[in-house]
Amino acid sequence: RRQLHEKKRPLLGSLDIFIFSLIAGLLIYWFLFRKKTEPVLDFKTFPANRNVVVFYGSQTGTAEEFANRLAKDAHRYGMKGMAADPEEYDMSELSRLKEIPNSMAVFCMATYGEGDPTDNAQEFYDWMQGTDDDLEGVNFAVFGLGNKTYEHFNATGKYTDKRLAELGGKRVFDLGLGDDDSNLEEDFISWKEQFWPAVCEFFGVEATGEDSSIRQFELVVHNDINMNQVYTGEMGRLKSFQTQKPPFDSKNPFLAPVSVNRKLNKGGNRHLMHIELDIMDSKIRYDAGDHVAVYPINDAVVVSRIGERLGVDLDTAISLKNLDEECNKKHPFPCPTTYRTALSHYLDINNKPRKNVLYDLAQYASDPQEQENMRKMASASPEGKALYQSWVLDSERNILAILEDLPSLNPPIDHLCELLPRLQARYYSIASSSKVHPNSIHICAVVIEYTTETGRVYKGVATNWLKNKEVTENGHKHTVPMYVRRSQFRLPFKPSNPVIMIGPGTGIAPFMGFIQERAWQKEQGKDVGETILYFGCRHKNEDFLYQQELEEFERVGVLTQLNIAFSRDQERKIYVQHLLKKNKEQLWKLIHSNNAHIYVCGDARNMARDVHTAFYEIAEEVGGLTHTQAVDYFKKLMTKGRYSQDVWS
């Protein structure tokens, strides 16, 4: 018989309590920080009077801009169009589109990174890969946006076109392939000019002859609005900058304090900078090789000058409201807001305006010659193309320069705001490892500033804005709206694999994170393979970035080899590809026999191509391969994830 004073057995043992606490904690975390997705629309609720829907896969805003232009064009052919984000639709219902008479789906699909779909098109891309749905009766056309300097030119556009046809869709017009390395705008216009006649023939419709500029949004001026209801730069939720709530993403960026902002170069006429963003209280996680996206703010002087030139009170509270009430896109940017906020935070006022903007603005030029020149530049004639190339592109005139150089041009500011594209986030390769710096993200960037043909000073929006985010003596920290974009640029799963990193200039950024992580792995007692860096800069005494850190990593044995090409310290220029050829036997052995991983970061147009060529030559000279075999060899390495690139043009 048990004694009466025996302690009662607890209902839950310590292990039970631990498991219970863990599950409860995970549930609470999921509830608080789960991704709040936008409501998904299906094709049952699709407006029946829309027969042209233009889906866009867009990372930098260009594909979305082209989609809007195509949707707007539809009315000229007696059709009703709308642009749509595939992320907001249940794309598995795409087959229902055939229920709408004379309907078609157009896809403006950009390719991002190494042949990847854009973030907003990822789910649609995954669906295409996995589905066997019958799309018979669905009419479609695809325009791809890519860049020929990249290995997988227009991969997403090509796949979308091929896959929709395989699933039974009817191709109304041939796949268009835009090349941003040449002239993406001209490629799009050339495709569009053939696309619409093909659509007319397919559906048996004719152009209406309406060729005037059609307004998509109407202006609403708020005279007595509570300013607490006015957007001041937020991307999604009103007041999200005052009350920050995770998770943080493109619609809900985190305001990260700038804790460090220092100049990296010792001389020269450029400004290279190292910036550290404090993410301590954000719950943001990242890996070495990821990208940080920052939302910059336009130059306040340029914004004010636009207001002065147009004679407008920029602090007027306004909304631009879609005239089409059934359209999902109610406003071109967060509204209500002020003209000043729109021009500062939401609109791209620094880039050269596209032809459609010139065309729509031409009606507001009172001087017949200025109006004729604007219409000519917007046309597809050889003379018009040449004038646009020289007067806008080569002379690098932004919207302010155009307003200043065409005195009779006086557009209503609300129409100008409707026409200008959205100001996009800027992506930077993260220059740190979260294993070493869990509470900060590092950026390495060069400030863009030079004089154009017209004598104006061109300043890069983001880099000049970041440069001015200095930490003050009283400790005041400026903030940067940011979020992290995941990347496939990753260190090998096995630390024992050798890594060969090639990153001249600011291309060194992700490799600072990689080297920090390899140092951390060594400290953990892991078997870390050879870590080899090829870095390049102009002069050793001017722009040898992170010199102290790199030389210390080499001294302690984290960097097995530090190879540096100082291109202008001698009569004959030396670049990283020359150093690769110099060490060809060692490199071929590491690649061919030791399972080394190769990483290239920096300029896509020249450096990445030259590095590629150097590796082909090494395979031919040391490995005894033919050129064709060498090309195939490195293509297979890319497929296996052993040759990775983080490049830009």
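The backbone N, Cα and C atoms fix where each Cβ goes, glycine too.
Computed from a predicted structure; not experimentally measured.
Over in TrEMBL, the protein carries these features:
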BINDING   58-63, 110-113, 145-154, ASP180  FMN binding site
BINDING   ARG270, THR506, SER567, ARG568, LYS573, ILE574, TYR575, VAL576, GLN577, ASP610  NADP(+) binding site
BINDING   ARG426, TYR427, TYR428, SER429, CYS444, ALA445, VAL446, TYR450, GLY460, VAL461, ALA462, THR463, TRP648  FAD binding site
DOMAIN    52-196  domain 'Flavodoxin-like'
DOMAIN    251-492  domain 'FAD-binding FR-type'
TRANSMEM  12-32  transmembrane segment
Neighbour count check, CB within 10 A, over binding-site residues ALA110, VAL446, ALA462; minimum at VAL446
Reduced to three DSSP states, the domain 'Flavodoxin-like' (52-196) has 65 helix, 36 strand, 44 coil
One of the binding-site residues SER58, ASN147, PHE153, TYR575 has its Cα closest to the Cα of ARG426 (FAD binding site), namely SER58
In this structure, the one of the binding-site residues ARG270, ARG426, LYS573 whose CB has the fewest other CB atoms within 10 Å is LYS573
For ALA462 (FAD binding site) and ASN147 (FMN binding site), the CA-to-CA distance in whole Å is 22
Taking every pair from ARG270, THR506, SER567, ARG568, LYS573, ILE574, TYR575, VAL576, GLN577, ASP610, which the record gives as binding NADP(+), the longest CA to CA distance in angstrom is 24
Spatial neighbours of GLY460 (FAD binding site) among the binding-site residues SER58, PHE153, SER567, using Cα within 10 Å, are none
Looking only at the domain 'Flavodoxin-like' (52-196), mean pLDDT returns 94
LYS573 (NADP(+) binding site) and SER58 (FMN binding site), compared by Cα position, are separated in whole Å by 39
Of ARG270, VAL446, TRP648, the binding-site residues lying within 10 angstroms (C-alpha) of TYR150 (FMN binding site) are TRP648
Cα nearest ALA110 (FMN binding site) among binding-site residues (VAL446, SER567, GLN577) -> VAL446
Looking at the binding-site residues SER58, ASN147, SER567, GLN577, the one with the fewest other Cβ atoms inside 10 Å is SER567
One should report the C-alpha separation between PHE153 (FMN binding site) and TRP648 (FAD binding site), rounded to whole angstrom, as 13
Cβ proximity for GLY61 (FMN binding site), under 8 A, sequence spacing 6+, ordered by residue number, returns ASP348, PRO421, ARG422, GLN424
